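Colleague: Structure below; questions to follow.
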Amino acid sequence: MDYLSYLFSDIYLLGIFAVIISFILAIKMFPAIICLANEKDLMAVPETRSMHTKKTPNLGGVGIFIAFSLSIMILGGLKSFEQFHIEQLLLLLAAITIMFFLGVKDDLIGISPRKKFIGQAMASALVILLTDVRIHNLDGLFGIWELPYIISVVISLLVFVFIINAFNLIDGIDGLAGTIAIIASTVFGFFFMFQGDHILMLISFILVGALLAFLRFNFSEENKLFMGDSGSLFIGFLLTYQSISFLGMNTSESIWFTIPNKPVLILAILSFPILDTLRVFIIRIRQKRSPFSADRNHIHHRLMDLGLSHKQGTLMVGLANLFVIVVAFLIRNFNINIQFLIIAVLIPALGLLPCLLAREQGRIKLHVPKLSKA
């Protein structure tokens, strides 16, 4: 045990073990979940908006959650943490457990949007108020620096709920939500590693390992498994937690490089879910419909309508998201408002991908599709 503790004191080895352990736990768990779902008929049934044609097990989030939680316990037991960090970790696990069971209930019997929002707000308030993981400072974006406590709490709560639901909304085709989460969590994981933050790095890379295992089944034809709300809600919560934690870090003492203008970099990392959600909300409001009403106007729907496969659509969106992240990182030393303007112009290019591809193929004209009123 002493040898393992010494071994895991190396942050780079700890990161590698985090990915490997969570991957192994998840890859062993998913077949049992698929078997149980088939026996108990716990399936996602195709509907009008679905991109699938047959019933499919939709409790992939169960395997991701269990693998994530067990990995945290295993690695947390082998790595010595201060009492303060242990308490923060336990509060985070409590919050994501709320999100997990909220998602399971929605997958199995359904839950009203109002109750879902209340559950999300409760879990978010738990970490905001008890761990002080909140947006303290905007680094001078729009001339705003330190935020008053009440405003900080309210904005943090709204950001949690928005990103949780934005991530949930992109879970529409095979691999997309998992790939975007892997990209985001990997980027955050390396930033936390370079900063020497063992706890946040563990959270990030454990999530990456579990999601890599999930993609193996999500892309499978014979043993397909969907993430479901049981996965998308708590993963969206974790990504928000990582984002706000990163925003609050003092990266001027990083062992590799400084990272100024963190709000814009976070915007770039989560660019696709943010863009897609704002885009469909604007379209629905322009059509005088509720922004929360369902339709087939997401970017991934447009890509599928153009004849792309799920893998092709996921690859295209993932590469575009990576491109925005790289650009934001390369211009990180610009004035924060200039950097924001550049990224704010660049990100909507993601939304133009379907139209640009269609025009290239000569299949459709460049226009915003109209939807029949629900």
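The backbone N, Cα and C atoms fix where each Cβ goes, glycine too.
Annotations in TrEMBL come from automatic prediction, not curation.
Under the heading Mg(2+) binding site, TrEMBL lists Asn168, Asp229. TrEMBL lists 12-37, 58-78, 84-105, 117-135, 147-168, 175-193, 199-219, 226-244, 264-282, 313-332, 338-357 with the feature transmembrane segment.
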Colleague: Quickly jot the same-chain residues contacting the transmembrane segment (264-282) by Cβ under 8 Å, restricted to those at least six beyond its ends, or write none.
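Modeller: Contacts of the transmembrane segment (264-282) (Cβ under 8 Å, skipping residues fewer than 6 from its ends): 141, 162-163, 165-167, 169-170, 180, 183-184, 187-188, 236, 239, 243, 246-247, 291, 295, 297-300, 317, 320-321, 324-325, 327-329, 332, 336, 339-340, 343-344, 347-348, 350-351.
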Colleague: Name the residues of the same chain, 6+ apart in sequence, whose Cβ is under 8 Å from the Cβ of Asn168 (Mg(2+) binding site)?
Modeller: Asp229, Ser232, Leu233, Gly236
Colleague: Ten-angstrom check, please: count other Cβ atoms within 10 Å of the Cβ of Asp229 (Mg(2+) binding site), all chains counted.
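Modeller: Neighbour count, Cβ to Cβ under the 10 Å cut-off: 26.
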Colleague: Same chain, outside the transmembrane segment (84-105) by at least 6, Cβ under 8 Å from its Cβ: which residues?
Modeller: 59, 61-62, 65, 68-69, 72, 76, 111, 116, 119-120, 122-124, 126-127, 130-131, 164, 199, 203, 228-234, 236-238, 241
Colleague: Per the definition of 3+ C-beta pairs under 8 A with sequence separation of 6 or more, do the transmembrane segment (117-135) and the transmembrane segment (58-78) touch?
Modeller: no
Colleague: Could you check whether the transmembrane segment (175-193) and the transmembrane segment (58-78) come into contact, where contact means at least 3 Cβ pairs under 8 Å with the two residues of each pair 6 or more apart in sequence?
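Modeller: The transmembrane segment (58-78) and the transmembrane segment (175-193): touching, no.
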